[in-house]
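Working notes, structure below.
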Amino acid sequence: MLQIEWAEMHMPVVARFIRERFEQEKPLKDVRVGATLHVTKETAALVRTLVAGGAEVRLAASNPLSTQDEVAAALARHDGVEVCAWRGMSEDEYFSCIRWVAKWEPNIVIDDGGDLHATLHKEYPDVAGRVWGGTEETTTGVIRLRAMEKEGVLRYPAIAVNDAKTKTMFDNRYGTGQSTIDGILRATNILLAGKIVVVAGYGWVGRGIANRARGMGARVIVTEVDPIKALEAVMDGFDVMPMMEAARRGDVFITATGNKKVIRREHIEVMKDGAILANAGHFNVEIWVPDLEEMAVSKRVIRPNVTEYRLPDGRRIYLLAEGRLVNLVAAEGHPSEVMDMSFANQALSAEYLVKNRGKLEPRLYMVPREVDEEVARLKLRALGIEIDRLTEEQKEYLSSWQL
Ligand code: NAD
Ligand code: SAH
């Protein structure tokens, strides 16, 4: 399929280096890998590498609106992968696909957002008890796994792929930074130059978006709850203020907090006519859509992925992508180049879990440092970039205190 070929062309680490080794070594031979991921051309590249390593894969969507249907069909048709995903599925259908993965009794589980891990633990605890290990793609999923570990309920070792340096620093920051702007522009085609863009949250994702929006000429306001991050935003040159104040000023609002009700009734009440709301954080809870629904006297889809809510005083508020991840619903998600690193961590973490089967505790583990560094090394190799090496004298200098 041409879309997958295009992604793989830009994913040399996953689709060339790791796949070639997996084809020879078959580290996942006969391993059942159950995955809940956005079904995109980049995910197809990962899945094809897992299959090359000998895995049997069942794949469900990690978001009801992000599936690229032609990719789902191609994986099922050409790669022997069982897929339960289509764009526009209902919430019930979404969870029934996740259950379909859980019921299959996977050995390794790969999740994005934590719904598969949560479903296994809540509804299929015996199956969870037999899982060899799991991985998690995103910040919110890692937060959930950490809460499970803290409560002592986690039933298998889990690797926080999100927290690998070669994931967060690139995927969350540059990937979301670019693709969120891409999603907003594809949905609206507005001019960003001169607009007041409010970014909620100045974590990895928020930083990426704020910087890219500024690069397009927007005047950017940041909202935060963490004083250190807020200070960082100030010193990076952004205006920082509470959402209640930013709500009156913004033309475009982008949430990136992983938190719920970040934009809610009291904020919507003071927004300008024509304000645009987009979420790049987590599921559909950051912009509290039930408030918009209750406040509106009418609603219509004015363009694909743009819903207009008319308020009683005549103001119009535009919600993008139904409040779900704008970059994956209105655009194609992150560019392949960054998913190459995120998914290299996924492939190598799955291999690590299989190799260390039975040796790990049911705890949350970081991606091993050697894996993280290997991903960076392979990416540099693909880019044709060489770097210096420490001399013996330098190594000694850096490891001694007697100069
Ligand atoms: P992070 O922890 O680095 O940043 C989140 C920031 O939001 C923190 O600085 C926190 O203080 C702030 N915050 C929390 N509640 C807030 C509130 N009420 N108002 C203002 N700020 C608030 O996390 P991250 O890696 O930046 O990820 C953020 C979210 O984006 C997560 O849900 C993650 O899963 C998701 N994510 C989405 C994509 C995507 O493709 N759209 C990619 C990566 C991560
Ligand atoms: N599943 C939840 C959680 C956030 S998803 C939800 O849909 O709301 C955020 C994750 O999507 C990121 O961590 C990123 O790695 C992944 N992602 C972004 N672009 C992608 C792409 N093109 N293909 C597959 N996954 C992608």
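Glycine is no exception: its Cβ is also placed from the backbone N, Cα and C atoms.
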Site co-member for substrate according to TrEMBL, given Thr40, Asp112, Lys167, Asp171, out of Glu8, Glu70, Glu82, Glu137 = Glu137
Coarse DSSP state, helix versus strand versus coil, of Glu137 (substrate binding site) = coil
Contacting binding-site residues for ligand 2, chosen from Gly203, Gly206, Glu224 when the Cβ sits under 6 angstroms of any of its atoms | none
Spatial hits near His334 (NAD(+) binding site) (Cα distance within 10 Å) out of the binding-site residues Asp112, Glu137, Lys167, Asp171 come to Asp171
What binding-site residues among Thr40, Glu137, Lys167 have a C-beta sitting less than 6 Å from any atom of ligand 1?
-> none
Using C-alpha atoms only, work out the spacing between Gly206 (NAD(+) binding site) and Lys167 (substrate binding site) and round it to an integer in Å.
-> 15
Identify, in sequence order, the residues in the chain of Thr138 (NAD(+) binding site) that are 6 or more apart from it along the sequence and have a CB within less than 8 Å of its CB; answer 'none' if there are none.
-> Asp112, Gly113, Asn162, His282
Express the distance between the Cα positions of Lys167 (substrate binding site) and Gly281 (NAD(+) binding site) as a whole number of Å.
-> 16
